[in-house]
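Participant: Take a look at the following structure, please.
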Amino acid sequence: SPLASPQETLMGKYGEDAKLIYELQDQGGELLALRYDLTVPFARYLAMNKIANMKRYHVAKVYRRDNPATTRGRYREFYQCDFDIAGQFDPMIPDAECLKIVHEILSDLQLGDFLIKVNDRRILNGVFAVCGIPESKFITTCSTVDKLDKMPWEEVRSEMVGEKGLSPEAADHIGEYVQLHGGLDLIERLLQDPKLSQHKLAKEGLGDMKLLFEYLTLFGIAGKISFDLSLARGLDYYTGVIFEAVLLQQENDHVEESVSVGSVAGGGRYDGLVGMFDPKGRKVPCVGVSIGIERIFSILEQRVEASGEKVRTTETQVLVATPQKHFLAARLKLISELWDAGIKAEMLYKKDPKLLKQLQYCEDTGIPLAAIVGEQELTDGVVKLRDVATREEVRM
């Protein structure tokens, strides 16, 4: 999908986040925008190519006109790594697979303890409805609820009443629900809730959530998943299940402060998005997840820094070195042979480097071997191979 799209492709899909879209105008006066995520371009691609089912991953850059905290791995230009399943399938089977993939990735990266919060837009809208919120205010209320992980309920409540114009009673009523989190037991309890059980969509959402937790239990990952009614994900296009993975406090207390970066992955179901781009309004149900690579890198980097271990930045296997002057030609010939043989080799870009400097470079960068050619080696038709760590040498 192209980096810059016509503005109308992106507008009206992101709710309050739309103010973060980079808007451009080209020399011909055409109004364009830089992509904000990989989901909307994917939905457009499915609609334009009349694709009814597809499973794909996509790693690419996206852009947000934000005031980000670069120290915490948040930037205006950053990579997203997306996985999506598009197509008409039985409820919650693809959704469970998306969560399984997030669990697998976060476990393999060994980022420490994490939790995947799950909710459903239908349950959230049901909560708003039974609390007496008019439908026109669902989306703005949603983006306020979404701030509960960053600020206490008192502040969220005052934003609802002060800025969003909800009545204090309605806000308090919402508060009773959105502070709940748990597992299957909570789902069962809400299915019995006299008000929510009367709301058609909320009941549907809770039924699906129960199914989802059954599948997650079969996948063996339910222990890391929390049904959390405060999760709202402020984007407009979600229609059903929504989820977000957060890292919990790190094991070692002294770096815990600097390393806690919060959310590292998020996603959900967006069944209506493809239909927005299809001339006939043909819908393709979709569910997907997006992983923020920079945020994960910033944690891994801080880990390495805290542990003091040295990280190799290259995979070079051997440095071609010479002990005497005027041996550049021999080095160039030898390195060329090594490259042709598929061996990762380097040499210093100096005509006559000192041998000590070349060996020091190997130590600094962690190159394990040095291939040394001098006058004697050329005469004997051999190369002296030196193990940098043990300083052992063999002629070959």
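Using N, Cα and C of the backbone, Cβ positions are placed for all residues, glycine too.
As annotated in TrEMBL:
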- Asp37, Leu38, Thr39, Arg64, Gln80, Asp84, Arg233, Tyr237, Tyr238: L-histidine binding site (BINDING)
- 57-323: domain 'Aminoacyl-transfer RNA synthetases class-II family profile' (DOMAIN)
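If you look at the structure here, what lies around each of the features I listed?
Facilitator: Taking the Cβ of Asp37 (L-histidine binding site) as centre and 10 Å as the limit, one finds 21 other Cβ atoms among all the protein chains shown.
This prediction places the mean pLDDT of the domain 'Aminoacyl-transfer RNA synthetases class-II family profile' (57-323) at 89.
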Participant: Pick the one among the binding-site residues Thr39, Gln80 whose Cβ has the fewest other Cβ atoms within 10 Å in this structure.
Facilitator: Gln80
Participant: Return the residue, from the listed binding-site residues Arg233, Tyr238, with the maximum count of other C-beta atoms within 10 angstroms of its C-beta.
Facilitator: Tyr238
